[in-house]
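Enquirer: Before I ask anything, let me first share the structure, which is written out below as structure tokens.
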2 protein chains.
Amino acid sequence: MCSLPIPLEPLCRVAVTGGTHGNEMSGVYLARHWLRAPGELQRPSFSAVPVLANPAATAVCRRHIGRDLNRTFTNTFLTSKPTPDEPYEVTRARELNQLLGPKNSSQAFDFLLDLHNTTANMGTCFILNVTDIFAMHLCHRLQLQHSEPRPRVVVFKLSQEETFSIDSVAKHGMTIELGPQPQGVLQANLFSRMRSLVASTLDLIELFNQGTAFPAFEMEVYRFLSCTDFPHTEDGDLAGMVHPQLQDQDFEPLQPGAPIFQMFSGEDVLYEGDSTVYPVFINEAAYYEKNIAFMKTEKVTVSIPALPVLSPAPAH
Amino acid sequence: MCSLPIPLEPLCRVAVTGGTHGNEMSGVYLARHWLRAPGELQRPSFSAVPVLANPAATAVCRRHIGRDLNRTFTNTFLTSKPTPDEPYEVTRARELNQLLGPKNSSQAFDFLLDLHNTTANMGTCFILNVTDIFAMHLCHRLQLQHSEPRPRVVVFKLSQEETFSIDSVAKHGMTIELGPQPQGVLQANLFSRMRSLVASTLDLIELFNQGTAFPAFEMEVYRFLSCTDFPHTEDGDLAGMVHPQLQDQDFEPLQPGAPIFQMFSGEDVLYEGDSTVYPVFINEAAYYEKNIAFMKTEKVTVSIPALPVLSPAPAH
């Protein structure tokens, strides 16, 4: 597994995207607010660009119109020939790739921060590609600065060919995921927390640009393993639900033999794995259509090397 | 204000409706479960009929397809001539009126129990027309039987002409509203609480049918006053959100001068009323499209007369 290139120049082209899922309201309303008042996103060496990623879906307050935009930034979709009946999000992904990429090109934005909410009890969570050393440094520093509730880091081990999310269009990127918040609801405490995390992220990029040292460190992360499906009836309908003992226990250890589902008929379904895992996105509303009840992760410690120290950047 | 007629005969035609809003999952999955296994709804003197009220909206997990079904049971809609381009819910309301009504007729069902969820922190709540003396008795007894969390009763003072909700099709009826639960999420604890409340409601109807005395009582209720809109920008977008101090404070007193909104620009908006009110449905996802931030109620005590004691009903 190769790491992404470590930046050797200041990151001057930075974007903050909200509304990638149109019913995740913290990012939707932060993006709309910054589009009216972008000053909050300015730093001495760069001005981050606010983007409302899926305006059609936000207009009707749905996750998506045709397909999940945040699974559409693959080379296949981005290089496909436009057709009249393609899903809106395929067209929109190509537009965003022109605006923020092109993906894997030297013209791509330096950093993309994507803002999400979940109905699961995930607290403050950063999601990123573990090979993005620069973004891992940001997560580490954000963890130190925003200790309550303690942010968790979820990593995927993806090769560059497999990436599909909006942040993969830029050279570096990550997702901030705050929960629990119902779809279509804007809660002031999460809105403020998101706003503060974005401000800190931009401050950290500014620090890097100004030549601050980012030494090596070790970090505990939750590495994605696999998804667990809901139990179903023969005709495909739900046959049970997330067990009350598992509900809201995101990032807590799940031991073999512990209950994971409560069937409508009354009996419990137990976890049959042979090792302890750490479930995340437990009972997330958006994953019902994918049939996913929760995702399993393992807790591992990763070693992240130091970043190079840049010469101080000139004010832009 | 006239009361609805008090029943002088056993209530033998009872319906339980779920999925009137297609993304309120406790009722959706209880109705689907009971359609497969209706035995749970049987009592000696009657068998309650489960109904999935809005199957098209539940199929796509949305509140509605064309318009809010639960605002469509007015005489105007129910007696309108079908047109090819009318909203699906207008057609469906007529169908349900044929199945469960016709509204205001002697053939109408005796009792309709409608099952809802809210994203607001409403706990266990019963919503009904205060003139429905029979339903008020059920609420009173359900409060005694299900004390944790203490159920609250929200009443509307509607004349018969103004009713618009699905339960108004039957001779008597009420809504069970459980929250907080995100739209599109099925939480086991609320599912079980809803199931238990429905069972108790049917047990109470059976008790009445069997000649049990339901004496007069006094009861504290929250009576609907008016709605409070979100603050908006000049171009109609949200300019702020429910204040953190108001979030989740459903049924708690709101004093004049207390903060109700936090603007994106930072300042607080205070409650300018001249008396204490009790907000409900605070920050409910479904009310953003109606522009409603919360509803104000007043807390009042109502006196409910005894029900007549029936001769014991024969087993059906």
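We number each residue from 1, going along the chain as drawn.
In case you wondered, yes, glycine gets a Cβ from its N, Cα and C as well.
What TrEMBL says about a protein is an automatic prediction, not a curated fact.
As annotated in TrEMBL:
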ACT_SITE  A:GLU177  active site, proton donor/acceptor
BINDING   A:HIS21, A:GLU24, A:HIS116  Zn(2+) binding site
DOMAIN    A:13-205  domain 'Succinylglutamate desuccinylase/Aspartoacylase catalytic'
DOMAIN    A:218-299  domain 'AstE/AspA barrel-sandwich hybrid'
Enquirer: Using the Cβ centroid of A:HIS21, A:GLU24, A:HIS116 as the reference point for the Zn(2+) site, which residues of the same chain not in that list have Cβ within 8 Å?
Expert: A:GLY19, A:THR20, A:ASN23, A:GLY27, A:ARG63, A:ASN70, A:LEU115, A:ASN117, A:THR118, A:GLU177, A:ALA286
Enquirer: For the recorded positions A:GLU24, A:GLU177, which one has its C-beta crowded by the most other C-beta atoms within 10 angstroms?
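Expert: Buried the deepest by this measure is A:GLU24.
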Enquirer: Nearest to the residue listed as 'active site, proton donor/acceptor' by Cα distance: which of the binding-site residues A:HIS21, A:GLU24, A:HIS116 is it?
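Expert: Result for the residue listed as 'active site, proton donor/acceptor': the nearest of the binding-site residues is A:HIS116.
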Enquirer: Going by DSSP assignments with H, G and I as helix and E and B as strand, what are the residue counts for the domain 'AstE/AspA barrel-sandwich hybrid' (A:218-299)?
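Expert: Each residue of the domain 'AstE/AspA barrel-sandwich hybrid' (A:218-299) counted once, the result is 3 helix, 38 strand, 41 coil.
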Enquirer: Count the Cβ atoms, other than its own, that fall within 10 Å of the Cβ of A:HIS116 (Zn(2+) binding site), considering every protein chain shown.
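Expert: Excluding its own Cβ, the number within 10 Å is 25.
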Enquirer: Give the sequence-ordered list of residues that share a chain with A:HIS21 (Zn(2+) binding site), lie 6 or more positions from it, and have CB atoms under 8 Å from its CB.
Expert: A:ASN54, A:ALA57, A:ARG63, A:HIS64, A:ASP68, A:LEU69, A:ASN70, A:HIS116, A:ASN117, A:ALA286
Enquirer: Helix, strand or coil at A:HIS116 (Zn(2+) binding site), per DSSP?
Expert: strand
